[in-house]
Each structure stands twice: as structure tokens, then as C-alpha cells.
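The structure that follows is given in the form of C-alpha cells.
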Amino acid sequence: LNILVDTGSSNFAVAGVPDPDVTSYFNPELSSTYRSEGIEVTVKYSQGSWTGVLGTDVITMPKGLYGSYTINIATILESENFFLPGVKWHGILGLAYDALAKPSSSVETFFDSLVRQADIPNIFSLQMCGAGLPVSGSGTNGGSLVLGGVEPSLYTGDIWYTPIKEEWYYQVEILKLEVGGQNLELDCREYNADKAIVDSGTTLLRLPEKVFSAVVQAIARTSLIQEFSSGFWTGSQLACWDRTEKPWSLFPKLSIYLRDENSSRSFRISILPQLYIQPILVIGDNLQCYRFGISSSTNALVIGATVMEGFYVIFDRAQRRVGFALSPCAEVDGAPVSEIEGPFTTADVASNCVSSVSFHEPALWIASYALMSLCGIILLVLVVLLLIPPRCQHRYTDNDVVNDESSLVRHRWK
């Protein structure tokens with residue numbers, strides 16, 4: 001089975017029944033080692049969802065980790081906008097932390113199972129050589145997933161590390177953005193509203209709405225195009241040029257500054273237009289059409305495949321950090337399309353750009369506010385008992401209690 005590698009979720013799941021958009025599926029009835037847990041699980045993504053049943057089975061991988069390992073696996077029985085026409089994969093491998101596992105964090109993740117059973121270091125790394133890029137350099141369009149370490153042949157230059165702020169998604173701290181070398185001049189908290197994550201399962205670079213608007217304005221202002229359809233920026237229209245033209249020269253470079261492990265320093269990762277102005281469609285003999293590889297988001301800044309394709313990315317869970325290095329496959333026409341530079345001082349940004357309050361699950365919001373409400377009610381009753389004479393005490397009824405916890409629940413789908 002071919003599996004989509006997703007660092008923005010935590011369940012391992014494969015097609016468990018035939019699907020018109022899937023060429024192969026796993027039939028648990030034909031597996032002598034499969035054990036059903038009988039637990040239904042549903043996972044929702046920013047686009048698409050699936051429902052299946054949890055179980056365990058023995059897996060092997062074709063290269064690298066030799067041996068068989070027992071892991072949790074969900075067989076997908078129903079899905080909506082998850083398997084799409086033309087996809088080459090039959091399931092998804094969630095590599096985020098167990099805090100995001102469904103239906104609860106007690107479901108051991110695929111990678112945690114490997115670390116425990118195969119006794120490998122708690123680190124993996126990912127080189128994404130995008131389908132939008134021609135095969136070049138020493139890489140391939142498939143890229144590489146390295147479980148348990150870092151492979152020197154997959155990157156050039158130094159690895160720059162940024163701390164993982166919280167272990168659920170791979171949440172990092174972004175300090176500023178530049179378009180064409182010009183700072184957007186936004187409060188750094190805008191870039192981390194309400195989180196900034198590194199997520200291979202998200203196709204585009206997703207930006208909070210205020211940041212997205214500023215980036216589009218800056219690109220439009222610094223590009224060499226006089227008039228451009230708004231539908232291109234929102235993703236509803238493609239832009240087409242003659243196939244002999246290379247439109248990338250019309251657009252600026254985009255840079256993201258991340259806090260270094262030394263908090264007084266930062267480094268920047270930059271993508272050239274070849275990564276965010278993406279060839280999608282050929283019309284006739286003469287036209288090549290492109291899409292905008294950046295979109296807006298209501299709840300996160302997501303460093304997705306649009307950016308990750310330019311880098312070898314190391315998820316060092318043991319030392320709670322994410323590393324970036326240049327990927328040799330990130331080339332177009334023999335020229336690199338990504339850059340990494342540093343160090344830079346952080347004197348011009350706040351000491352902390354990430355909100356300190358972050359609850360992962362709606363249940364935690366309910367529990368925390370319920371406890372706060374209970375403590376407040378008890379304190380109020382004690383004060384009333386102390387201040388009012390016994391003969392005047394009021395007998396409280398159910399109608400006196402106001403419970404408005406429902407408005408405090410926050411759903412955090414990717």
C-alpha cells in the first residue's frame with residue numbers, strides 16, 4: 001500500500017473497503033494477524049474526513065527498518081472528500097504526537113510503536129520532492145522518509161533548528177515574514193494565531209487571514225504584473241502564460257523567519273516563486289496554467305508542502321525541535337528554488353510570539369471551565385453564608401444556576 005505521510009495528524013489508516021478512487025485496499029478478513037478493537041473512529045481534516053474501525057496488525061516496510069512490528073491501524077469504511085480522483089495513495093500515516101490521536105491520546109501512534117519496538121531514536125526526517133517540480137538534482141519526485149535519524153545525502157549545508165513550542169502538532173514560533181526582502185511589519189503574534197505548524201499533509205502554505213491579505217498585497221505591489229485577477233489569489237482561477245515564458249521572474253521571493261534554539265537569534269527559510277506559483281494545467285500546444293500556492297486560514301499558519309518541498313525537514317522529537325536544511329532536489333532548470341540563511345538578531349521582535357494558553361481538545365475546555373465555575377460557586381456560597389444571618393439564608397434552586405459552558409468549546413480541526 002502507498003501511504004500519504006502527514007505530520008499534521010496522528011492516526012495510521014488505510015482503505016478497508018473498495019473505493020472508486022483507490023486502486024488497492026486492505027481486507028482485514030484475509031489477514032491472519034489482524035485484531036479488531038471494535039472501536040469506531042472518525043478523523044476530520046481541513047479538507048475531507050473518514051470513519052473507520054480501530055484494530056492492530058503486523059506491518060513490514062520495504063526498506064530500512066527490517067522486521068515486523070505490531071501497530072494500531074484504522075480501516076477506513078466511509079470517507080468524504082478524502083480519497084480523490086487520481087490519488088496514488090491508499091491510506092494516511094499520521095506522524096504527529098499522540099495528543100492528536102483519535103478517538104483519544106491512549107491510541108499509540110505508528111511512530112511511537114516503532115520507537116518502542118524497533119528501539120530506534122525518536123527522530124524522523126522528510127525530503128519532499130514535489131510533483132510540481134521536474135526531477136532534478138540528486139533527488140526524485142518521490143522524496144524520502146527516514147525513520148530514526150538524519151540522512152546526510154538528502155541535504156546540503158547546515159541544519160537550522162527551531163524549538164517545538166508544544167507537542168501536539170509540530171508547533172513552532174514564527175517571528176516575521178518578508179516579501180521581496182521587505183518586512184510585512186505585522187505584530188509577530190499575528191503569524192502564530194492561533195498556532196504555527198509544520199504539516200506535510202497540507203498542500204499549500206496557509207496563512208492567517210490578516211497575514212494572507214498582507215502577503216497578497218505585497219506580492220501584487222512588488223510583482224511586475226500591472227493588473228491581475230483577484231480570483232488567482234483566492235484560488236478560484238488559474239493564470240496562464242505562453243509555454244515559452246517563465247512567469248516566475250515576475251514574482252518576489254517569500255521569507256519566513258523562525259526562532260533559533262538560541263532564543264536571541266533567528267534564521268530564515270525562503271522560497272522562490274517556482275515553489276508558490278505552481279504549474280497545474282496545459283491548454284493546447286501553447287498555454288501553461290499556474291495556481292497560487294498560498295491560501296488563507298482561519299485558525300493557523302501552516303508550513304505545508306509548498307514550503308517543505310524546498311527543504312529537508314528533521315522532526316527531532318527527542319530534543320523537541322524541528323530542523324531545516326536545503327534539499328538538493330529543490331531545483332528548477334538546474335537552479336535552486338529555496339534558501340536558508342542566518343543567524344539574525346531577534347532584538348526587533350517580542351520575546352514570545354506564541355500565546356501561552358492552548359487547549360488541545362474541546363473536553364479540556366469543558367473540564368477547565370467547569371472546575372473554575374464550580375470553585376466560583378463554592379466561594380460565592382461561602383461568602384453568602386458568612387455575610388447573611390442564618391434566618392435570612394436563601395434556599396437555592398436549580399433555576400438559580402447558569403451554565404454556559406457550551407460557548408467555551410473550541411474545535412481545533414486542522
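Placement of Cβ uses the backbone N, Cα and C atoms for every residue, glycine included.
Below, the features straight out of TrEMBL:
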type	residues	note
ACT_SITE	ASP6	active site
ACT_SITE	ASP199	active site
DISULFID	CYS129-CYS329	disulfide bond
DISULFID	CYS188-CYS353	disulfide bond
DISULFID	CYS240-CYS289	disulfide bond
DOMAIN	1-325	domain 'Peptidase A1'
CARBOHYD	ASN262	N-linked glycosylation site
TRANSMEM	363-388	transmembrane segment
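Any idea what these are sitting next to in the structure?
The Cβ of ASP6 (active site) has ILE92, LEU93, GLY94, LEU95, ALA96, ASP199, SER200, GLY201 as same-chain neighbours under 8 Å, each 6 or more residues away in sequence.
The Cβ of CYS329 (disulfide bond) has 24 neighbouring Cβ atoms from other residues within 10 Å, across all protein chains displayed.
Counting every protein chain shown, the number of other Cβ atoms lying within 10 Å of the Cβ of CYS353 (disulfide bond) is 21.
For CYS240 (disulfide bond), the count of additional Cβ atoms within 10 Å of its Cβ stands at 17 [all protein chains shown].
Every protein chain considered, the tally of other Cβ atoms within 10 Å of the Cβ of ASN262 (N-linked glycosylation site) stands at 10.
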Quick one: Cα separation, CYS129 (disulfide bond) versus ASN262 (N-linked glycosylation site), in Å?
30
Between the disulfide-bonded residues CYS129, CYS188, CYS289, where is the Cβ count within 10 Å the lowest?
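Minimum Cβ neighbour count within 10 Å, taken over the disulfide-bonded residues CYS129, CYS188, CYS289, occurs at CYS289.
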May I ask for the distance between CYS329 (disulfide bond) and CYS289 (disulfide bond), taken between their Cα atoms and rounded to an integer number of Å?
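Cα-Cα, rounded: 23 Å.
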Quick one: mean pLDDT on the domain 'Peptidase A1' (1-325)?
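Averaged over the domain 'Peptidase A1' (1-325), per-residue pLDDT gives 92.
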Tell me, how many other CB atoms lie within 10 A of the CB of ASP199 (active site), whichever protein chain they belong to?
22
Going by C-alpha distance, which of the recorded positions CYS240, ASN262, CYS289 is nearest to CYS353 (disulfide bond)?
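Nearest in space to CYS353 (disulfide bond), counting only the recorded positions, is ASN262.
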